[in-house]
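Below is one structure, written out as structure tokens; comments come after it.
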Amino acid sequence: MIPRLGLTSSPPFPRPTRPDPPLQPMPISLPPGLTHASILDKPVSSSSYASVLESCKCPDSGKQVHAHSVKNGFTGHEFVETKLLQMYGRCLFLEDAYVMFDKMPKRNLYAWNAIIGVHLDLGLFEEAFLLFLELQLEEMGLEFFVFPVVLKISIGLGALELGRQLHGIVVKSQFVDNIYVSNALIDMYGKCGSLDAAKKVLATMAEKDCVSWNSIVTACAANGMVYEALEFLDRMSSDKLRPNLVSWSAVLAGFSQNGYDEETIEMLFRMQTAGFKPNTRTLASVLPACARLQRLSLGKEIHGYITRQGFMSNPYLLNGLVDMYRKCADMRSAFAIFSKFSLKNTVSCNTMIVGYCENGDISKAKELFDHMELMGIEKDITSWNSIISGYVDNSLFDEALCLFQELLNKGIEPDSFTLGSVLTACADMTSLRRGKEIHSQAILRGLQSDTFVGGALIEMYSRCQELLASQRAFDYVSERDTATWNALISGYSRGNQIEKIPTLLQMMREDGFEPNVYTWNGLIAGHVENNHLDLAMELFLEMQTSNLRPDLYTVGIILPACSKLATIKQGKQVHAHSIRCVYDSEVHIGAAIVDMYAKCGSLKHAFLAYNRISNPNLVCHNAMLTAYAMHGHGEEGIALFRRMLEDGFRPDNVTFLSVLSSCVHVGSVETAFEFFDLMAYFNVKPTLKHYTCIVDLLSRACKLKEAYEFARKLPMEPDSVLWGALLGGCVLHGNVDLGELAAKRLIELEPDKTGNYVLLANLYAYAGRWQDVARMRQLMKDRGMQKSPGCSWIEDRDKIHVFLASDKSHNRSKEIYATLANLNMHMKTSFYN
């Protein structure tokens with residue numbers, strides 16, 4: 001607690017020791033042709049010592065000058081000793097400054113200012129404040145130059161009330177009209193968060209200089225009022241003062257720090273147009289904006305400028321360049337800067353680890369993480385959190401949990417971010433046992449009430465279908481936020497307890513939180529996962545009528561519902577929304593739209609959506625390949641696959657499954673085996689589905705024996721789909737003997753499936769073995785089997801109408817069957833005519 005200012009005596013306090021190691025002072029040069037020795041070789045005076053001490057470059061030289069002054073009888077000389085004190089203060093040698101200050105027989109105001117200043121430079125704000133209280137007990141008046149120093153105490157402590165009291169002393173001391181003091185007041189109020197007070201000080205100033213305007217510009221920017229800062233920049237010109245580099249840098253930094261990235265880049269260009277070259281501070285503000293916007297080309301231009309200007313030794317710029325390259329997924333350039341220029345420390349290593357993890361190169365992240373100790377760099381908790389979350393983000397959950405165990409074995413204390421990451425791993429693995437173990441760690445460390453950990457616990461228990469435990473975890477969270485409520489509501493939605501959702505939403509509002517986009521996303525996702533597809537579509541439409549606009553994730557969640565419903569009209573509405581929001585060119589949304597149109601029966605629209613994707617990745621190409629295979633356009637699918645290989649894409653198992661399906665439609669056995677052999681080249685292990693494609697292709701091509709031998713030699717047990725493909729080929733080509741073998745295996749696997757018996761009966765009928773046909777029909781009758789009725793549906797006026805064979809449940813069934821009878825009559829008439 002900081003005491004109020006007053007003339008009460010302050011208690012003695014221990015002198016703080018000098019931090020180790022001290023910061024190095026800025027070198028101050030002597031006039032040309034002069035050296036310390038040349039000045040001190042002449043008859044010395046107090047002004048000679050002042051000249052030498054003011055130009056002193058290091059404390060060792062200063063101590064030599066100090067010794068020289070003692071030898072020449074200047075001990076106790078007020079002016080010289082004040083200069084010595086200031087020298088020690090500039091060099092941040094606190095202990096020596098204290099010795100000098102304590103031995104001074106008469107301390108003047110400059111000495112007090114110097115000793116307070118060195119405390120401020122070392123971040124010892126409370127000690128500096130107590131020194132100022134002690135100064136007030138001295139019988140000397142305060143001068144204007146004291147206040148710009150002591151006002152920094154308020155800034156360092158973030159103590160606005162203290163700043164106001166100091167302002168009162170300024171007024172009482174009649175220094176309020178001093179431009180230096182007024183500028184310091186603007187700076188203090190701005191950095192303490194009182195922008196209105198800063199503007200009042202500026203308004204009362206009779207005379208303003210560049211520093212005055214720069215201070216108010218900086219104050220506005222620091223408090224998030226970036227456009228107001230820009231207005232003050234323009235008003236500065238009307239005051240017959242030209243904005244300087246400090247002015248521009250302050251506005252630019254404000255835009256960058258408040259997330260106005262496009263505006264930050266625009267301000268950079270405006271500043272250059274005004275004739276100012278960016279300095280290190282400016283560039284350090286621009287680089288994060290480039291990183292967030294992923295403007296790699298501009299980032300490279302800035303990198304070139306930094307190199308040409310000789311700024312590559314600046315650690316802030318180097319870290320900014322590494323961060324920019326990692327966020328733009330150019331880890332090669334990031335590593336080049338890290339290895340050649342960056343200071344190897346914990347921060348720079350952590351940045352690289354995060355970069356590798358974000359870009360999917362987890363092996364290099366782990367290599368650097370393991371190498372930190374060999375480089376003599378200590379791994380802090382951020383290092384462990386970075387690599388653990390990297391493993392989790394790359395779905396390497398077991399490895400993440402092993403690292404967490406290693407962290408515990410080393411005696412390192414996990415924090416809320418560590419526990420949140422490993423709980424996410426447990427959630428994605430739906431590992432309740434491990435999740436409970438992490439929960440016990442959270443309880444042991446008193447972190448289960450932490451908002452971040454609590455949210456992760458809610459998510460983990462929800463994913464594991466333990467909604468009661470999820471509710472208990474929610475109840476333990478001390479400071480709930482919107483994200484905590486969203487986790488709980490999403491859990492109930494995914495747990496198919498949608499009847500409780502309205503109550504939870506009401507409770508959320510009563511707790512002071514309004515549902516946001518993420519709340520809706522959780523609700524819609526839960527309905528889709530539980531196949532409440534119509535309700536999911538209703539929620540999507542309801543969300544559009546509210547004040548919230550569906551985001552990228554909403555569109556990604558609802559598109560699979562359109563695919564499952566095969567409702568092209570609603571799918572087109574979602575597509576239209578994604579076009580308006582420029583989501584359709586994004587790879588994940590674009591791929592989902594292609595898939596939706598394909599499943600809704602419109603290959604034409606799927607192809608058009610595919611062509612709108614700006615930079616299609618493998619997922620997008622796979623979606624289009626699947627669409628071609630689904631619609632029997634085998635030649636187009638094969639052509640697309642060959643283009644993918646030419647463009648350097650590395651196919652995965654989905655790619656090969658789709659292109660093999662295309663080969664089945666084309667009937668190209670040779671091409672299929674060419675692609676099948678490519679799987680080994682790309683290290684893609686064939687699954688049973690890939691083998692089934694080959695069996696289906698050989699069966700359709702009347703190579704039934706090859707298909708059977710291929711099936712017998714598989715490294716895994718064939719399933720009913722594979723034997724069904726072989727049986728279908730036997731029926732098609734009338735191979736009864738092989739068909740019976742396939743049917744026998746098929747019936748062993750699916751003894752209750754009517755279609756298997758029907759296929760075999762059809763095979764017997766093709767061969768004219770009517771007794772076997774009768775036997776199969778009798779067998780089906782004895783077992784009470786009936787052929788599953790055919791099903792079809794049609795979309796009309798926002799409704800889906802489902803029909804089964806011989807079904808009369810539709811409310812307009814009489815009209816439907818009357819129309820069918822009429823059509824049958826016309827068909828018969830046309831046939832006989």
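The backbone N, Cα and C atoms fix where each Cβ goes, glycine too.
Taken straight from TrEMBL:
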COMPBIAS  11-27  compositional bias 'Pro residues'
REGION    1-27  region 'Disordered'
REPEAT    209-243  repeat 'PPR'
REPEAT    244-278  repeat 'PPR'
REPEAT    345-379  repeat 'PPR'
REPEAT    380-414  repeat 'PPR'
REPEAT    481-515  repeat 'PPR'
REPEAT    516-550  repeat 'PPR'
REPEAT    617-651  repeat 'PPR'
REPEAT    652-686  repeat 'PPR'
Residues of the parent chain within Cβ reach of the repeat 'PPR' (481-515), under 8 Å, 6 or more residues beyond its termini: 451, 454-455, 458-459, 461-463, 465, 467, 470-471, 474, 522-523, 525-527, 529-530, 532, 535, 548
Arithmetic mean of per-residue pLDDT over the repeat 'PPR' (652-686): 93
Number of helical, extended and coil residues in the repeat 'PPR' (345-379), per DSSP: 23 helix, 0 strand, 12 coil
For the repeat 'PPR' (244-278), sequence-distant contacts whose Cβ falls under 8 Å of one of its Cβ atoms, 6 or more beyond its ends: 210, 213-214, 217-218, 220-222, 224, 226, 229-230, 233, 236, 285-286, 288-290, 292-293, 295, 298, 305
Secondary structure content, the repeat 'PPR' (209-243) (per DSSP, counts of residues): 26 helix, 0 strand, 9 coil
